[in-house]
Amino acid sequence: MTIDTVILDIEGTICPISFVKSVLFPYFVKQLPTTLNTIQFPLNLNINDTNSNQASIVQTLSKLPLSVTTSSESTYNYLKGLVDNDVKDPVLKALQGLIWKQGYESGEIKSPVYPDSIDFIEKFPKREANCKIYIYSSGSINAQKLLFSHVDNGTGIAMDLNPQLSGYFDITTAGFKQEASSYTKIIDQIDKKDNEKSVLFLSDYINEVNAAIESGMNSYVVIREGNTPIPDKELASHKIIYSLSELNL
């Protein structure tokens, strides 16, 4: 069956794993104290300018346990702990997206998407009318859109790949990435329930690949420089690629 739908992981698949751990996470932790110091604690949810980034941050923080948001210090310590332990918390992910937005818009952050990935994202949707690319990441959908709207293509001017993408999924809209039910939910949402084999999911994390395969879709392991090595015995039964240019779809 011909593959006409590709779902892409981000970190370690289409951009270096170091981008998240060495650029995005540290930027968030560095900016967090300044951001929290501009907010009144206990939280005031009656901010008139509901379109402001600060209002969005306050609304997001209000979803944390009340015992956490008694002060800027306690809020910082709680969030820093989530980051340090790589906890896939939806409130943290939403807050990260809001703070990263400032970095992207100021030009401090640009997304180092691999050239082969840029090429694939630009060309695959143009092959046939039904060829589509979706993104599935633990990061919030807003953070995903920011990443793809500020891609470093080597010209010094950020490029926007969002027009080539048909949709986005995160842990709030699909579920956790190591659970087969999450991929089943995506299959339903993109109207591929009776055509799962026309869908391909790409990830550097073998547990995600296994979960995707269990749902009925195809899935390949992507190996990139700097990724955590996967034992050969775990890779033995999987299709492996080292670049999206290897895809013959």
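Going from the start of the chain as shown, residues are counted 1 onward.
Cβ coordinates come from backbone N, Cα and C, glycine included.
Secondary structure from DSSP puts Asp204 (Mg(2+) binding site) in coil. Marked as Mg(2+) binding site by Swiss-Prot on the basis of sequence analysis: Asp9, Glu11, Asp204.
If you look up Swiss-Prot, you'll see Ser137, Ser138, Lys177 marked as substrate binding site, on the strength of sequence analysis. For Ser138 (substrate binding site), the same-chain residues lying six or more positions away in sequence with a CB closer than 8 A to its CB are Lys88, Lys93, Asp170, Ile171, Phe176, Lys177.
A coil conformation is recorded for Lys177 (substrate binding site) in the three-state DSSP classification, outside any helix or strand. Compute the center of the Cβ atoms of Asp9, Glu11, Asp204, which mark the site for Mg(2+); besides them, the chain residues with Cβ within 8 Å of that center are Ile10, Gly12, Thr13, Ile14, Ile17, Ser137, Ser203, Tyr205, Glu208, Val222, Asn227. Taken over all pairs of the listed substrate-binding residues (Ser137, Ser138, Lys177), the Cα spread reaches a maximum of 8 Å, rounded to the nearest whole number.
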